[in-house]
Amino acid sequence: MSDVEWSVLPGLSPYQETLSAMEARVAAIRAGDAPEAVWLLEHPPLYTAGTSARPEDLVEPDRFPVHVAGRGGQYTYHGPGQRVAYVMLDLDRRGRDVRRFVCALEDWVIATLAEFNVKGERRAGRVGVWVVRPDRAPGPDGQPREDKIAAIGVKLRRWVSFHGLSINLEPDLSHFEGIVPCGIREHGVTSLVDLGLPVTMQDLDAALLRTFSRSFPD
């Protein structure tokens, strides 16, 4: 395990306060005043807009607060029952390759899901992690349905990463209906509990910790 500092934040973390704290931590990491960090938390129900968000993808603008996140990507939902991992790593030291970093985040999610015998997969042109749903009716094209279980969106400031990923453990999946998640209309969303797995947040956190160093060796 590297010297990354891990924190599990209790309760529901207010979005703007958390973003400000994250930006301060990124500056401290860049200045050499603080170690790299991973924060595990939950937010109250809200939508965030990434730098590629399209107005038409905010279907219900009055349903929950909407925050401009400044990260890459489009609209996503955060709320109770979803584990958010904010990942603040020094890519100046680990390698200045944004694409590789995003792939490493996907690898981390895939390895974490495998701890629960869930096969997470990448899809070209669709950042995030997906699961095939043979238990559901095929899509309009006759192909097996695929649902998104994890979203990824990052930003770099002087080669220190922030924002990160979210994994759906047991959120209210109907809350995603207020947006077009990540701008993708033809696929749905799922969660570990929706897949029939009695996983707790503590189980998920332990799996994230166990698998982290495989994707982010020191």
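Just so you know, glycine gets a Cβ as well, placed from its N, Cα and C.
Since this is a predicted model, take the numbers as computed values, not measurements.
Annotation comment: Swiss-Prot describes 32-218 as domain 'BPL/LPL catalytic'. What Swiss-Prot lists as substrate binding site is ARG71, GLY72, GLY73, GLN74, TYR75, THR76, TYR77, HIS78, ALA151, ILE152, GLY153, GLY164, LEU165, SER166. The site 'Lowers pKa of active site Cys' annotation in Swiss-Prot covers LYS148. Taken from Swiss-Prot, the feature active site, acyl-thioester intermediate applies to CYS182.
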Query raised in the report: Residues with Cβ closer than 8 Å to the Cβ of LEU165 (substrate binding site), same chain and 6+ apart in sequence?
Result: VAL84, ALA85, VAL87, LEU105, TRP108, VAL109, ALA150, ALA151, ILE152, GLY153
Requested in this report: Could you say whether, by DSSP, GLY153 (substrate binding site) belongs to a helix, a strand or a coil region?
Outcome: strand
Query raised in the report: What span in Å does the substrate site cover, taken as the longest CA to CA distance among ARG71, GLY72, GLY73, GLN74, TYR75, THR76, TYR77, HIS78, ALA151, ILE152, GLY153, GLY164, LEU165, SER166?
Result: 16
Report summary line: Going by C-beta under 8 A and a gap of 6 or more residues, the same-chain neighbours of TYR77 (substrate binding site) are PRO45, LEU46, TYR47, PHE64, PRO171, HIS175, PHE176, GLY178, ILE179, PRO181
Query raised in the report: Can you name the residues of this chain that are 6 or more positions from ARG71 (substrate binding site) yet have a C-beta less than 8 Å from its C-beta?
Result: THR48, GLY50, THR51, GLY153, VAL154, LYS155, PHE162, HIS163
Query - For GLY73 (substrate binding site), the number of other Cβ atoms found within 10 Å of its own Cβ - result: 23
Report summary line: The mean pLDDT across the domain 'BPL/LPL catalytic' (32-218) is 94
Report task. Looking only at C-alpha atoms, tell me how far TYR75 (substrate binding site) is from LYS148 (site 'Lowers pKa of active site Cys'), rounded to the nearest Å. Result -> 14
Query raised in the report: Where LYS148 (site 'Lowers pKa of active site Cys') and GLY73 (substrate binding site) are concerned, what is their Cα separation in Å, rounded?
Result: 14
